[in-house]
Amino acid sequence: MQAPAIEAAPRRASFLTPLFRDRRIAAGLFLGIGSGMAFPLIYATQSVWLTRAGVPIETIGWLFGLTFPYKLKFLWAPFLERYDAPLLGAWLGRRRGWILLAQVGVAASLAGIAFGDPEHWLGWTIAFSLALGVAGSTQDITVDGWRIAVVAKAELPLMSSWSEMGWRVGSLIAGAGALLVAGEHGWKAAYLVMAALMLPSMIAAWIAPEPESDTRAAHAPMSFAATIWAPIKDLLDRLGPLGIPILIMIAGFRMPGYVSTAMANPLFVTLHYSDVDIATVVKVYGFWLGLGATFLGGWLIPRVGIMPTLLFGTVFGSAAHLALAYLALYGDHNDGAYWTFVVAVGIESFAYAFASIVLITYMSTLTSDAHAASQFALMTSLVALPGNLLAMTSGVAVKALGFAWFFVGTSVIGIPVALLCAWIWWRQSREPRPAG
């Protein structure tokens, strides 16, 4: 079976206009912000607090496991599509009910972390951080399911782009924003502010329309195993003979990025760039370039097609790591190579964001309305697990190869994925398009 195609966009279609005229797009932006806030506050931002509280570095490393609910969310995603949320489901509908309940869980977990003291009572912090991981990953499941089901397939590039931009804004708030508040007013205030900033996303969940395909949803009772297997079987049945190759391509698509990212900051530190340099260039400058790449991806997909854009994304995303290899050789801050650092980070940030939005849109087109949340959660877990596991060996690889050859290697990882993507595109082009 041929993967669903994205129809060509009208020539005069505007990227910005729907944000102000279509409440689905506006809601998608603000729901994306809430999703983007939760994940960094579990570990990345909180690790600074833990370090300053004197928690042993090996303990902090193990606490990365608190993010694991995001890798396993496909296990409970099917149940969120089959059953209404307690109390809220009857009022808001199935998807929006779960979204709002998850958002309340995120805000409550953030408040719980705020009132903790990791220096003297680490167990409290761990418990609420784990709760944040479960609530945040549940929020991701339900927001992704709503985002896919509420628009037509032809509108997915637009919706995915605005949702991804919201996610990036949320990540910036939870990263740089939380650190700024913590520096001025302490960590308790920082996490309470983050909890309060979930309110706009909650309002978005309330005003967002419930997908029409879900308003009459009804499901016969199924066993635990059958509930999990049903969306997987549906996905494989619809993809047909290309199902396994497509899933392999998805699993490998972000692998070069995961492995490269694990050693990017150690490279910058080794090249004598300060924390201020890294924060300014990677976080702020990289953020704006990422937004630009997301805009470009959302504009390009309807005009060029999903498969050519996907192929370009995997080639560009992998080749961009060569900029970091060049930086490793010629980018030492002590040699006056600051602008080499800026250009290399810019190339990598733009390529990473472009590849991400293209992959998100592609995976969204593969889902069915009935199992949108479950199938998207399955594919995102498939993206994350192999990359994270391989990234665990990145330090060993750098020690053996050096930074330059390591980043060359991460580019090479993308070659088989690009070839597989090209083959899938070729196979699909030889199949008749589905009627209608």
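Here the Cβ of each residue, glycine as well, is placed from N, Cα and C on the backbone.
What TrEMBL annotates here:
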TRANSMEM  25-43  transmembrane segment
TRANSMEM  55-76  transmembrane segment
TRANSMEM  97-115  transmembrane segment
TRANSMEM  165-183  transmembrane segment
TRANSMEM  189-208  transmembrane segment
TRANSMEM  242-264  transmembrane segment
TRANSMEM  284-302  transmembrane segment
TRANSMEM  309-331  transmembrane segment
TRANSMEM  337-364  transmembrane segment
TRANSMEM  376-397  transmembrane segment
TRANSMEM  403-426  transmembrane segment
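Counting residues 6+ beyond its ends, the transmembrane segment (403-426) has Cβ neighbours under 8 Å at 242, 245-246, 248-249, 252-253, 255-256, 259-260, 263, 267, 270, 307-308, 310-311, 314-315, 317-322, 324-326, 328-329, 394, 397 in the same chain. Here the transmembrane segment (242-264) lies next to the transmembrane segment (376-397) in space: the count of CB pairs under 8 Å, restricted to residues six or more apart, reaches at least 3.
Each of 25-43, 97-115, 165-183, 189-208, 337-364 was scored by its Cβ pairs under 8 Å to the transmembrane segment (376-397), and the highest score goes to 337-364. Under 8 Å from some Cβ of the transmembrane segment (189-208) lie the Cβ atoms of residues 23-24, 26-31, 33-35, 37, 41, 92, 96, 99-100, 103-104, 106-108, 110-111, 113-114, 146, 150, 173-174, 177-179, 181-182, all in the same chain and six or more residues away from its ends. Within the chain carrying the transmembrane segment (309-331), a Cβ under 8 angstroms from the stretch's Cβ atoms is held by residues 253-254, 256-257, 260, 264, 267, 271, 297, 300-301, 337, 340-341, 343-344, 347-348, 350-352, 354-355, 358-359, 362, 402-408, 410-415, 417-418, 421-422, 425, all 6 or more beyond its ends.
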